[in-house]
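Trainee: Dropping a structure here in structure tokens format, bear with me for questions.
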Amino acid sequence: MAMVCLTDFEEYAKEHLSKATWDYYAAGADECCTRDDNLLAYKRIRLRPRILRDVSVSDTRTTVQGTEISFPVGIAPTAFHCLAWHEGEVATARATEALNTCYITSTYSTCSVEEIVAAAPNGYRWFQLYVYRDRKLSEQIVHRVEGLGYKALVLTVDVPYTGKRRNDIRNQFKLPPHLKVKNFDGVFQQETAGPEEYGIPANTLDPSISWKDIHWLQSITRLPVIIKGILTKEDAELAVEHGVQGIIVSNHGGRQLDGGPASIDALSEIVDTVQGRIEVYVDGGIRTGSDVLKALALGAKCVFIGRPAVWGLAYKGEEGVREVLQILNDEFRLSMALSGCRNVAEINRNLIQFSKL
């Protein structure tokens, strides 16, 4: 069967992954209201196409943090790619390198940061970071990725505690014995007898993390710091004041606080607050090229996809991720042209309106 859209990959993954693995990737917190609204919110946004604009030539290139990428879609940090495909993050890294876009590697990778760099040495990568109670763990991984040529740190700030994902609890989800959180291989051996949460000992994350820790992070690295998980103008202003280089507007795919806003609904107030002082990105709910166009029209510099990348892996590994990205690229280019935009710079808020329904 030809894979025509991202929904085709989703249906394939649901059919071919184990129930526990599918439930893990699909999970939202509590009643999944926010997870589902991430998708529905895009459908409430309408495009206002301009016509007779000579769209015979179109250019989807853009820059993030000063680096040119082929189109404004990157891979969001998602854990445990080896659950979907045996090569895991190595395959994802090769696919994003081939399409010349940004891959945010998850702390919770089932391949190590070294393996990922070796597989795709010319890829453009950022590293997603959590802050641990043992700060030395965080420091060590920061120094590792900086030495390996990662270009930014993406500090995830919406997980002082893990959201309640009901199906993971019902399934008693655990990584299978042959897989590990590779970046911490051997680190937690003394604690293997205790309770575990998503591959590492429970209560490892530091819930006391606060704005002062941004300065701590900046003191141990020269890499730009991007904050992932901001949903309000108040926190966006604080992010700018604390000298970060970017914000990813994100509700963690609806996996953390249920009842918060859809990411795309939170984007406008954050863009308006930031006023171009730092770059703003968004993730959550992007399924079509027109979704990408809508996000850019609302002020996002780039969007990041999570679950669709995993569906691509489940379908055909590296080739599947490439297909997912290529479909989004082609759809984005077509949506741009049909809306009268010849390049990314021509996309602006005049292009959209919100549905009255």
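Using the three backbone atoms N, Cα and C, a Cβ is placed for every residue, glycine included.
Since this is a predicted model, take the numbers as computed values, not measurements.
Features from TrEMBL:
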- HIS252: active site, proton acceptor (ACT_SITE)
- TYR24, ARG165, HIS252, ARG255: glyoxylate binding site (BINDING)
- 77-79, SER106, GLN128, TYR130, THR156, LYS228, SER250, 283-287, 306-307: FMN binding site (BINDING)
- 1-357: domain 'FMN hydroxy acid dehydrogenase' (DOMAIN)
Trainee: Can you tell me how spread out the glyoxylate site is, meaning the largest CA to CA distance among TYR24, ARG165, HIS252, ARG255, in Å?
Mentor: 13
Trainee: Would you report the average pLDDT that the model assigns to the domain 'FMN hydroxy acid dehydrogenase' (1-357)?
Mentor: 96
Trainee: In the structure shown, which of the binding-site residues ALA79, ILE286 has the fewest Cβ neighbours within 10 Å?
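Mentor: Result for the binding-site residues ALA79, ILE286: minimum number of other Cβ atoms within 10 Å at ALA79.
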Trainee: Could you measure between ALA79 (FMN binding site) and ARG255 (glyoxylate binding site) for me? Cα positions, answer in whole angstrom.
Mentor: 13
Trainee: Excluding TYR24, ARG165, HIS252, ARG255 themselves, which residues in that chain have a Cβ inside 8 Å of the centre of the Cβ atoms defining the glyoxylate site?
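Mentor: What remains near the Cβ centre is ALA27, GLY28, ALA29, THR162, GLY163, ASP168, GLY253, GLY254, GLN256.
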Trainee: Find the shortest Cα-Cα separation between GLY306 (FMN binding site) and the recorded positions TYR24, ARG165, HIS252, and name the residue that gives it.
Mentor: HIS252
Trainee: Rounded to a whole number, how many Å is the Cα of PRO77 (FMN binding site) away from the Cα of TYR24 (glyoxylate binding site)?
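Mentor: Here the two Cα atoms are 15 Å apart.
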Trainee: Could you check which of the recorded positions GLN128, THR156, SER250, HIS252, ILE286 is the closest Cα neighbour of TYR24 (glyoxylate binding site)?
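Mentor: Checking each of GLN128, THR156, SER250, HIS252, ILE286 against TYR24 (glyoxylate binding site), the shortest Cα distance is to HIS252.
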